[in-house]
Amino acid sequence: MCFCTTIYLTLHYKCYLFFRGLLYFLAMRQGLYKDINDFNILSPFESVFHVPLEERKYKDINQFGEGDQAKVCVDIMHKTGAHLELSMAKDQGLSIMVSGKLDAVMKARKEIVSRLQTQASATVAIPKEHHRFVIGKNGEKLQELELKTATKIQIPRPDDPSNHIKISGTKEGLEKAKHEILLISAEQVANLVSYQLPSDRSSHLFRASWSKRMSHDLNGFSVSKRDPVCVFSQANSYTVSSVVAPSWLHRFIIGKKGQNLAKITQQMPKVHIEFTEGEDKITLEGPTKDMQMVQSQMEAIVTDLVSRMDYLEISVDPRFHRHLIGKGGANINRIKDLHKVSVRIPPDNEKSHLIRIEGDPQGVQEASKELLELASRMENERTKDLIIEQRFHRAIIGQKGEKIKDVRDKFPEVIINFPDPAAKSDIVQLRGPRNEVEKCSKFMAKMVADMVENGFFLSVPIFKQFHKNIIGKGGANIKKIREETNTRIDLPAENSNSEMIVITGKKENCEANVRTFLISLSLTKPCFHSMEVSIPSKLHNSLIGSKGRFVRSIMEECGGVHIHFPTEGSGIDTVTIRGPAEEVEKAKKQLLSLAQDKVSFSLFILAKPEYHKFLIGKGGGNIRKVRDSTGARIIFPALDDEDQELITVVGTEEAVREAQKELEELIKSLDNVVEDVMNVDPKHHRYFVARRGQVLRDIADEYGGVMVSFPRSGANSDKVTLKGAKDCVEAAKKRMLEIIEDLDAQVTMECVIPQKFHRSIMGPKGSRIQGITRDHNVQIKFPERVDGPGKGGPAGKAPCCSRKCDVIVLSGRKERCEAAVEALKALVPVTTEVEVPFELHRYIIGQKGSGIRKMMDEFEVNIQVPAPELQSDIISITGLANHLDRAKEGLLERVKELTAEQEDRSLRSFKLTITVDPKYHPKIIGRKGAIITNIRTEHDVNIQFPDKNDDNQDQITITGYEHKATAARDAIQAIVDELEEMISEDITLDARVHARIIGARGKGIRKIMDEFKVDLRFPQPGAADPNQVFVTGRPELVDEAIDHLLNLEEEYVSTLVEVLQGEFTPKC
């Protein structure tokens, strides 16, 4: 502001300076508040603070980014909603960039100062009557001042005569707060002065009215108490200014995590630099003495960035934005890194077409070009939905995505999207260039068609015990079937109860080849039989029954035979029955009998599931009586049936009615609940209630849910109560007496087997010992394991001669225990030795032990190969006695195979060499190795050409069987003889026609070479004679080829001349 030096009032010079300073800063402050009011509170706001090392509250450098300081920053962000970024300066000071809404930034600034910076305090004295103006209405002015300066301001209470205001905070905040308070006080003084600035800009007339009282006291503010020049000086020590900078350059000026600004704030920590989005200026605020340097540095940075940075906005349809970004930002990040630019793609909710690119001018242009090309390509893209059944999706994708990767490699421009498996959708989406999408669509449709054709499956029931016959030794049989019939064969897991083998492939292969082959393999056992029965196809459904219940009951009753009906609607009458011969005959009689009776009547009876076992009886005895007396068939529900109470009765109406009557009487008697008591010696109580009452639960399941109650533990009673249906109670009582009889006859027997064999006897997860316990109905207890050396005696030796840890205790009936002891001894592994030549050991072991592991799994033995340093020929086999012979035979068979392979390798290692001039080597190799590959394949030999560094460049080595190596040598010699007969001639062909003769991608020259059986060599660019062409081949063929080339030259040259004449002939 410019003031007129003419003074119309006679005032003291100091008063003149005082009021001049007041008016200047009043104007400046008015402008400052105008700028702040223009800020949009909702706009993003950024501010950078610097905390010098000496003012840092947390000075442990090793804790930067962690510890208390990091926790404070996180707490400030949560509390204020602002975002903080910290960086460490070289002087170990902190630079903190705060961004967010204006009010959040101000709150965060206050928190930073109070919690991360050490505090200082100061006082400022202003007239008591000016305190209320510092406080403001409802304390708003004071709160604003504290936020702005990040300090704590304490004003004396009205009844306190003190005029000193206490300020606490950082040194920088103290100075700023003092400046603001003095400025507020100066405003109140200025309110008593009236002034006018004339419109004439050449001079300002300063006018003031001053009361006589003012020289002594101005509204209670004594001028004599405070020098006006001092007030002006303090007010003038703080300055606010701005630097013009395009808003899009702000983030480049700030730098990554505020690094660029940190360099400035480290030098001038008292200067605050503030950015506001959308405004083309940067606000600077700080001490006057520092402002000039900071402003010049900022202007230099802005000038530099403007000179070397540019931006460009391109328009792209918003529907393509996510494709430009790419998966996980892959596309856009690649463009940013490649061209060193920044790209802003608007979010979806803005629905804006404009994409902004900022950075180096050249990079901006290249990035915009690439983005527009991508967008243009997407506009030409097509999206197509393929309907592919979800069951095929996994097969198309392949294991670990291998198959779909091949498809994507074949069509790299097409994006293939499969639906989420949880969505259960059949739609596969293809996106890409129209032609490529069509090709990919046809390719995938063909893949699906092949899968559908090869997706036919057939389930063949084969008895579980014959599955290993189908697999064959080392999987040889199953492998042979798969290869010969081109099908996939899946067998059930060993621990599965299923007997179904699933065959997948083409329908004709499954039905005609595989099923017949599998059945023939299963018939290798003499006890196994297969029979075909002719039953009219119209009766098949009634014999199968609802959900297969009827035929399943026949199969279960006849020892688990397999009955196979032809496909419904095929019109075939043949029904196949397979299984043990006796059971097959039994099932045949039942089927023919039921077909003759023309079973067509059925009804349902309801009975509690717990009654079913009792109705069936032990071994099916009860239900067999009913069926034999009535002729009806009774079918109980399977475990997977929904209604477990439903019993189906099938047969003639008369037989069904009679069976219904008998069953209902049985069920009625079961509903008649009675209670009975029996005496059981207390010493046996524990056996019944042990293992959470497992024995009692088994009795309840078997005998219609009978409830058995034993007296409480400690009660001296032998009374046991049974409650349930009368017949069930009687049967349960009988069974319990049988158990008690067994317990009374129980003995304890010891079997001595060295501890080292116990694990082998138990088998995987105790399976072997469980089998012995179940088969012989005994209890077996193994001793606790004792670590450490010890010699165990032979199995079965007297207990007095053995260690305690070798004694296995058996409990049960004497005869059963004796049988179980023999079974245990049979499980003790024995060892045998086989002599195998040492040089074959590594082949028996196989790659990473695969060979020996395969043999051990197949024969269920342990095979021990001696260490290489022993040079021993003895291999030890340890296992069960009945497994050793098979294992030994298998090992010797493998030795025989390896010996034969060794002899074969020796025969195949025959070598011979042939001398051939190196100039003929390329001709022998042929185009892309076609000729030499053909010779190698035809004669089954290896042909090695000399390396570049070999001394004998004319020697070709052939390795293989002697007769085949000789034949390959003769084939190579024949090629050489033919090449030696060839001649090479050079002709002059006009260089202008070379391209025409060669043709697109060499198509023309290849046609001539194939037609005339010659080789053509055209000159390289820069050759001494660009017209010289070499023709190599048989003499007669070379002449024909040269004539053809010269004719082509003449034809092309004449055409060229005519064209040139036509271009230069003047037009009329």
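Note that Cβ sites are derived from N, Cα and C of the backbone, with glycine treated the same way.
Over in TrEMBL, the protein carries these features:
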type   : residues : note
DOMAIN : 118-186  : domain 'K Homology'
DOMAIN : 237-303  : domain 'K Homology'
DOMAIN : 308-376  : domain 'K Homology'
DOMAIN : 380-449  : domain 'K Homology'
DOMAIN : 454-522  : domain 'K Homology'
DOMAIN : 527-596  : domain 'K Homology'
DOMAIN : 597-668  : domain 'K Homology'
COILED : 649-676  : coiled coil
DOMAIN : 672-741  : domain 'K Homology'
DOMAIN : 745-829  : domain 'K Homology'
DOMAIN : 830-896  : domain 'K Homology'
DOMAIN : 908-977  : domain 'K Homology'
DOMAIN : 981-1050 : domain 'K Homology'
Chain residues outside the coiled coil (649-676) and at least six past its termini with a C-beta under 8 angstroms from it: 545, 550, 594, 597, 599, 601-605, 607-608, 611, 614-615, 622, 626-627, 629-635, 704, 721-730, 733
Three-state composition of the domain 'K Homology' (118-186), taking helix and strand from DSSP: 37 helix, 15 strand, 17 coil
Considering the domain 'K Homology' (237-303), which listed stretch of 118-186, 380-449, 908-977 counts the most C-beta pairs under 8 Å: 118-186
The domain 'K Homology' (830-896): DSSP-derived helix, strand, coil residue counts: 40 helix, 15 strand, 12 coil
Secondary structure tally of the domain 'K Homology' (981-1050) (DSSP, helix then strand then coil): 37 helix, 15 strand, 18 coil
Mean of pLDDT values spanning the domain 'K Homology' (597-668): 77
